Amino acid sequence: MRRPMVAGNWKMHGTRASVAELIKGLSDLALPSGVEVAVFPPALYINQVVDGVQGKAIAVGAQNSAVQPEQGALTGEIAPSQLAEAGCELVLIGHSERRQIIGESDEVLNRKFAAAQACGLKPVLCVGETLEEREAGKTLEIVGRQLDSVIEAFGVEVFAQAVIAYEPVWAIGTGLTASPQQAQDVHKAIREQLAAKNPEVAANVRLLYGGSVKAANAAELFGMPDIDGGLIGGASLNADEFGAICRAAGN
Ligand code: PEP
């Protein structure tokens, strides 16, 4: 039985004051006990959030981490060992904004994935196609290739300690959401791809959907058999909306 997860990606949003307000809102929420809840603040605010949500069942993750596990000469980066020491449990790997805007390749992302796991962080591997790729009928090919890159490098068993987020690029921050059936079709294909190598890993790994999820559409998406929760961007900046999405995952 997979425990649903709802994760809030705050991206590059926030100030000390707005983060304090968001923490207060999250602390006041009645969160469903059956759902794993996580937030991914900008790195600068990780300490503030770890301290602020203490005693609440909210895990904290990082939006990025370095290609090497330990501290060292790598200007501007943060080692996964440092994130773990700061109280992070999870890290996003391969968000489309990092693949597309920063230009992170599968090879770099594989190194980040392995470094994170070496430090006990759970990677949330993000995969997804652009609108152009969807319209060309290449969705499963693109998503399959992004996933295969990790499987070929490290074996499918690494997904026993990871989460996968399917995030169609055309649905991120656009207000366009994949229909529950469109999302389910991709999630099913991802699970089948993993099952071909290891059915147990495939049955247990959480597959999150991300792309303009809101309280209004969450229940329908999370009701699909292979969707185990969501990775939430914009809507996670509003504690009440985020709380409602978490409750939708618990139903
Ligand atoms: C995201 O950035 O991971 C995301 C899903 O964003 P949004 O919910 O705003 O589309």
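Even glycines carry a Cβ here, placed using N, Cα and C.
Keep in mind that TrEMBL annotations are predicted by a computer and have not been checked by a curator.
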Per TrEMBL, member of S27, S179, S212 binding substrate alongside N9, W10, K11, G173, G233, G234: S212
Of N9, W10, G173, binding-site residues neighbouring ligand 1, Cβ under 6 A: N9, G173
Span of the substrate site, taken as the largest CA to CA distance across N9, W10, K11, G173, S212, G233, G234 (Å, rounded to a whole number): 14
Proximal but sequence-remote residues of the same chain as N9 (substrate binding site) (Cβ under 8 Å, at least 6 apart): F40, Q63, L92, H95, G210, L231, I232, G233, S236
Long-range Cβ environment of G234 (substrate binding site), under 8 Å and at least 6 residues apart: G173, S212
